[in-house]
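Asker: Just passing along the structure, written as structure tokens.
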Amino acid sequence: MNNTEYYERLGVDKNASQDEIKKAYRKMSKKYHPDLNKEEGAEEKYKEVQEAYETLSDEQKRAAYDQYGEAGANGGFGGGGFGGASGFSGFGGGSGGFGGFEDIFSSFFGGGGAQVNPNAPRQGDDLQYRINLKFEEAIFGVEKQVKYNREELCHTCGGSGAKAGTHPETCHKCGGRGQINVVRDTPLGRMQTQVTCDVCNGTGKEIKEKCETCHGSGHEKVAHTVKVTVPAGVETGQKMRLQGQGDAGVNGGPYGDLYVVFQVEASDKFERDGAEIYYKMPMDFVQAALGDEIEVPTVHGNVKLKIPAGTQTGANFRLKGKGAPKLRGSGNGDQYVIINIVTPKNLNQAQKEALQAFAKASGVEVSGSGKKGFFDKFK
């Protein structure tokens, strides 16, 4: 099982930081971009670089890849997701993989680790929400209203879980500790250990009369709306943390956080790689042969570009500062214009005669379809 191949594709060490991974990705992506590199195999290399970055730029996928290889990164050993079409989910706890001595002793003793005060304040769960952005919204930034359900303190009992006029009492079985002592027979003999109290479920409190609204949980699901200011230059997969916008805490603990994950739609005109933008510019072969000044679309509006005589298909020109804003830094990236020369179809008689005259002047014999033609001279 090779769990270093993705790092090798980007040319980074397995302990590389996210900034190092991103920098390496942009370098390799530009090196093998099919519009800039016409060598055989470049497009396949480009796809491999994209695949590696998609995994290594996501901390959860990267951790799975480091442990299990490509199968782990692709969800072969379980996984999460965005929780369905709503684009919303909570962050669950737990862990996978293979245990060691801790698992063995846990099976004997019913658990392990330090005791936790059941009455101590605990922060609420973090939540995740996916926002879909149009290409231009990601470039220039936008404000979005995000509406989702989260757990808040019950408006009836104020979070106590008890019916109005009553209060939670100290658990009669565990005395408020949340745990009880039990004696078990193990292969090592009879041993005493601590387990979660089966009466209060570890809370240390006992609710005799439960709140009719929350049924004793102290929380209720509430529709919540928050304004998200999306910064200019975000990309697919990047996250924004909104502190205190997650689920309500326990025992007076703070609210969890909301993590907004961005998903950017593709453009029908441009391709984007970080702060750099690529545009394929169709051009008449006469313009390419003679040279011309053309008007090129950019995300910032149309600009003039001088094309020298003799320009070939695949030639690229840089428009400095006409790319996307740099999310971490100042200024914009660049736009690359890739020339695509268009061969005319359905020529009229005057056009045919003009080309035939040019062919004759160039010493090229044009004798019909399937034989050596005008453009063969330039191959």
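Positions of Cβ are set from backbone N, Cα and C atoms, glycine also.
Owing to the predicted nature of the structure, the values given are computational and were not obtained by experimental measurement.
Annotations per Swiss-Prot:
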DOMAIN    5-69  domain 'J'
ZN_FING   141-223  zinc finger
REPEAT    154-161  repeat 'CXXCXGXG motif'
BINDING   CYS154, CYS157, CYS211, CYS214  Zn(2+) 1 binding site
REPEAT    171-178  repeat 'CXXCXGXG motif'
BINDING   CYS171, CYS174, CYS197, CYS200  Zn(2+) 2 binding site
REPEAT    197-204  repeat 'CXXCXGXG motif'
REPEAT    211-218  repeat 'CXXCXGXG motif'
Asker: Measuring CB to CB from CYS214 (Zn(2+) 1 binding site), give everything in the same chain under 8 Å that is also at least six residues away in sequence.
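Answerer: Counting only residues 6 or more apart in sequence, the Cβ neighbours of CYS214 (Zn(2+) 1 binding site) under 8 Å are CYS154, THR156, CYS157, GLY161, GLU220.
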Asker: Cβ under 8 Å, sequence separation of at least 6 from the ends of the repeat 'CXXCXGXG motif' (154-161): give me the contacting residues as numbers and ranges.
Answerer: 167-168, 207, 210-214, 216-220, 248, 252
Asker: Sorry to bug you, but what's the C-alpha spacing from CYS211 (Zn(2+) 1 binding site) to CYS200 (Zn(2+) 2 binding site), rounded to the closest Å?
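Answerer: The separation of the Cα atoms works out to 16 Å.
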Asker: What's the CA-CA gap between CYS211 (Zn(2+) 1 binding site) and CYS174 (Zn(2+) 2 binding site) in angstrom, rounded?
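Answerer: Spelling it out, the Cα of CYS211 (Zn(2+) 1 binding site) and the Cα of CYS174 (Zn(2+) 2 binding site) are 23 Å apart.
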Asker: Take the Cβ of CYS197 (Zn(2+) 2 binding site) and count every other Cβ within 10 Å, whichever protein chain it belongs to.
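Answerer: By my count, 21.
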Asker: What's the number of neighbouring CB atoms sitting within 10 A of the CB on CYS200 (Zn(2+) 2 binding site)?
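Answerer: Looking across every protein chain shown, the total is 24.
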Asker: Across the whole of the repeat 'CXXCXGXG motif' (197-204), what does the mean pLDDT come to? Round it, please.
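Answerer: Summing pLDDT over the repeat 'CXXCXGXG motif' (197-204) and dividing by its length gives 86.
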Asker: Taking every protein chain in this structure into account, which of the binding-site residues CYS154, CYS157 has the most other Cβ atoms within 10 Å of its Cβ?
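Answerer: Within the set of binding-site residues, the most crowded position is CYS157.
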Asker: Specify the count of other C-beta atoms within 10 Å of the C-beta of CYS211 (Zn(2+) 1 binding site).
Answerer: 22
Asker: State the count of C-beta atoms found within 10 angstroms of the C-beta of CYS174 (Zn(2+) 2 binding site), not counting that atom itself.
Answerer: 23
